[in-house]
Amino acid sequence: MEIIRSNFKSNLHKVYQAIEEADFFAIDGEFSGISDGPSVSALTNGFDTPEERYQKLKKHSMDFLLFQFGLCTFKYDYTDSKYITKSFNFYVFPKPFNRSSPDVKFVCQSSSIDFLASQGFDFNKVFRNGIPYLNQEEERQLREQYDEKRSQANGAGALSYVSPNTSKCPVTIPEDQKKFIDQVVEKIEDLLQSEENKNLDLEPCTGFQRKLIYQTLSWKYPKGIHVETLETEKKERYIVISKVDEEERKRREQQKHAKEQEELNDAVGFSRVIHAIANSGKLVIGHNMLLDVMHTVHQFYCPLPADLSEFKEMTTCVFPRLLDTKLMASTQPFKDIINNTSLAELEKRLKETPFNPPKVESAEGFPSYDTASEQLHEAGYDAYITGLCFISMANYLGSFLSPPKIHVSARSKLIEPFFNKLFLMRVMDIPYLNLEGPDLQPKRDHVLHVTFPKEWKTSDLYQLFSAFGNIQISWIDDTSAFVSLSQPEQVKIAVNTSKYAESYRIQTYAEYMGRKQEEKQIKRKWTEDSWKEADSKRLNPQCIPYTLQNHYYRNNSFTAPSTVGKRNLSPSQEEAGLEDGVSGEISDTELEQTDSCAEPLSEGRKKAKKLKRMKKELSPAGSISKNSPATLFEVPDTW
């Protein structure tokens with residue numbers, strides 16, 4: 001179902017109902033770009049640490065706009081043994097709500113726009129009809145603006161609310177405004193004495209003059225009139241004064257308050273959908289979903305925090321349970337039978353033996369997708385096939401049970417090992433970002449950091465290390481790269497051989513990370529005062545954290561072919577007998593259809609700790625067959 005600004009409000013109840021009924025959701029996003037600086041290959045270095053990858057994406061990807069959000073809900077029908085789906089395709093755009101609303105600035109990447117255009121993406125639906133949204137801080141500020149308006153209007157009997165700023169004595173009026181206010185008071189006196197006229201429209205005036213009018217009427221006419229600010233077609237603001245009794249005044253105020261709440265909800269817009277997903281506490285599925293999660297939190301909750309640990313805590317509070325199908329397909333028992341984990345190819349592979357495609361049907365009133373037509377890069381369709389991939393893989397896990405299970409639910413313990421682990425693209429030895437605890441810290445004692453002239457190419461590096469067999473090169477920038485050797489004992493030889501080189505420098509990974517950490521500490525020390533001020537106005541989602549144990553799997557190795565060239569590091573006879581180089585170890589609740597999330601982050605943390613202690617058994621998954629290894633479904637701790 002396509003949702004734009006004009007039909008968002010009328011279909012919001014359908015979205016809420018789908019979220020409430022669903023067993024799990026699948027999501028996907030389309031963006032205005034990926035990287036505003038480095039190329040994608042530089043943005044995803046093979047030896048990034050999780051912290052480094054987070055910082056890169058935060059710095060170079062968050063200024064783009066998530067402007068299409070796909071949501072597909074899945075509910076299992078036990079009677080007919082099939083899934084009922086409801087797909088939504090939301091077009092999102094930060095249209096300013098009023099003159100004081102945030103005027104969001106974002107960037108576009110030409111290659112991304114060109115690609116989406118080639119896929120038939122309709123940009124007019126984004127920019128002309130996109131659904132507005134506010135993050136939590138913007139929503140808070142807008143609510144304060146409404147409260148301020150009600151407070152200012154309180155004195156003239158316009159509101160039943162009490163303002164601390166209401167004047168209880170004559171207002172001090174500037175000399176240049178006294179004549180204007182006297183004329184207004186004179187008109188109101190005529191209105192009150194007239195038996196025919198009930199309303200008085202004042203001429204458009206400035207915000208300061210309107211404030212003086214409200215304050216003056218607050219003191220001079222505490223009862224008997226209703227004061228309201230309206231806007232002309234030309235966006236000029238003016239005041240309307242009406243003669244009313246107390247009952248009529250209260251009725252009008254209730255109408256006005258209801259209208260303001262409706263306007264506020266309209267401004268919060270699409271964020272209400274994200275709040276509903278978060279408040280449900282249900283499993284959210286995505287494919288290679290780290291960027292989707294970062295953009296969702298950044299746009300609809302609050303700017304991303306400075307460090308990875310706080311991002312993890314924030315994310316698990318917003319989305320208690322996440323599952324990445326790309327990670328799932330990349331680990332056992334799927335890794336050996338799935339060669340390509342891209343979404344389109346994965347969906348095709350999971351239709352073949354030994355997998356069984358799930359029986360799926362669109363709910364009445366919702367359009368159905370035909371996977372044969374491959375509507376890729378429409379967010380709603382991508383979310384739909386992501387959900388299909390999850391179902392097929394989850395059901396395959398059920399075949400290892402004794403007795404086998406055809407249907408594995410989203411609450412089965414079989415899929416727990418994959419919870420809250422997000423796939424890290426192109427990282428050699430850290431397959432995922434662990435949202436629920438410390439990230440993996442593989443030994444990189446076989447990795448070297450090399451700096452060299454910017455004229456060097458990949459072939460130059462292969463030539464330099466030609467004497468060391470198979471290597472893997474991961475570029476950092478134009479003048480540096482990581483080089484992974486096949487044998488750790490070769491590291492010290494390479495470092496010693498390059499001591500007297502003039503055009504390049506080689507150091508161990510441990511040395512490089514140590515110096516980088518020292519520089520970071522020095523920088524942090526110099527900016528310590530500003531760091532103290534950074535801990536304010538953070539996320540306050542109303543959520544139920546969900547904590548699970550970590551599960552790991554076995555080690556795998558990576559090699560790359562070497563290229564022999566003229567420039568090389570051939571060890572001397574003396575160096576060939578050196579000792580091994582020193583290794584360096586581097587360091588489900590009821591849906592609440594609320595329009596804001598008022599619970600502070602600290603409360604979410606308390607709930608997280610409580611749930612860790614009170615962790616309940618999910619739906620029984622059955623017993624594992626004796627013939628299958630105990631670690632069959634565990635996510636690896638090394639890659």
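Yeah, the Cβs are placed from backbone N, Cα and C, and that goes for glycine too.
Under a cutoff of 8 A between CB atoms, and with a sequence separation of 6+ in the same chain, the neighbours of ASP292 (divalent metal cation binding site) are ILE27, ASP28, GLY29, LEU66, GLY286. A helical conformation is recorded for ASP292 (divalent metal cation binding site) in the three-state DSSP classification. Under the heading divalent metal cation binding site, Swiss-Prot lists ASP28, GLU30, ASP292, ASP382, citing a curator's inference as support.
What Swiss-Prot records for 606-615 is compositional bias 'Basic residues'.
Residues or ranges marked as phosphoserine by Swiss-Prot: SER163 (among others).
What Swiss-Prot records for SER167 (among others) is phosphoserine.
Neighbour count (other Cβ atoms within 10 Å of the Cβ, all protein chains): 17 for LYS220 (N6-acetyllysine). Mapped onto three states, the DSSP output places LYS220 (N6-acetyllysine) in helix. The N6-acetyllysine annotation in Swiss-Prot covers LYS220 (among others), and the record cites a large-scale study or a structure entry as its basis.
LYS499 (N6-acetyllysine) carries neither a helix nor a strand DSSP state and counts as coil. Positions annotated as N6-acetyllysine by Swiss-Prot: LYS499 (among others).
Taken from Swiss-Prot, the feature phosphoserine covers SER530 (among others).
Residues annotated as phosphoserine in Swiss-Prot, with experimental evidence given as evidence: SER557 (among others).
Residues or ranges marked as phosphoserine in Swiss-Prot (evidence: similarity to another entry): SER583 (among others).
The phosphoserine annotation in Swiss-Prot covers SER587 (among others), and the record cites similarity to another entry as its basis.
The annotation phosphoserine is assigned in Swiss-Prot to SER619 (among others).
Residues or ranges marked as phosphoserine by Swiss-Prot: SER623 (among others).
The phosphoserine annotation in Swiss-Prot covers SER628 (among others).
Under the heading phosphothreonine, Swiss-Prot lists THR631.
What Swiss-Prot lists as region 'Disordered' is 560-639.
Sequence annotations record features per position, and here Swiss-Prot assigns site 'Interaction with poly(A)' to LYS326 based on experimental evidence. Of all Cβ atoms in the protein chains displayed, 23 besides its own lie within 10 Å of the Cβ of LYS326 (site 'Interaction with poly(A)'). In three-state terms derived from DSSP, LYS326 (site 'Interaction with poly(A)') belongs to a helical segment.
Ranking the binding-site residues ASP28, GLU30, ASP382 by other CB atoms within 10 A of the CB puts GLU30 at the bottom. The number of other Cβ atoms within 10 Å of the Cβ belonging to LYS499 (N6-acetyllysine), over all protein chains shown, comes to 8. Same-chain residues that are not part of ASP28, GLU30, ASP292, ASP382 yet have a Cβ within 8 Å of the Cβ center of the divalent metal cation site turn out to be ILE27, GLY29, GLN68, PHE69, GLY70, GLY286, HIS377, ALA379, ALA383. In this structure, ASP28 (divalent metal cation binding site) is part of a beta strand by DSSP. According to DSSP, ASP382 (divalent metal cation binding site) sits within a helical segment.
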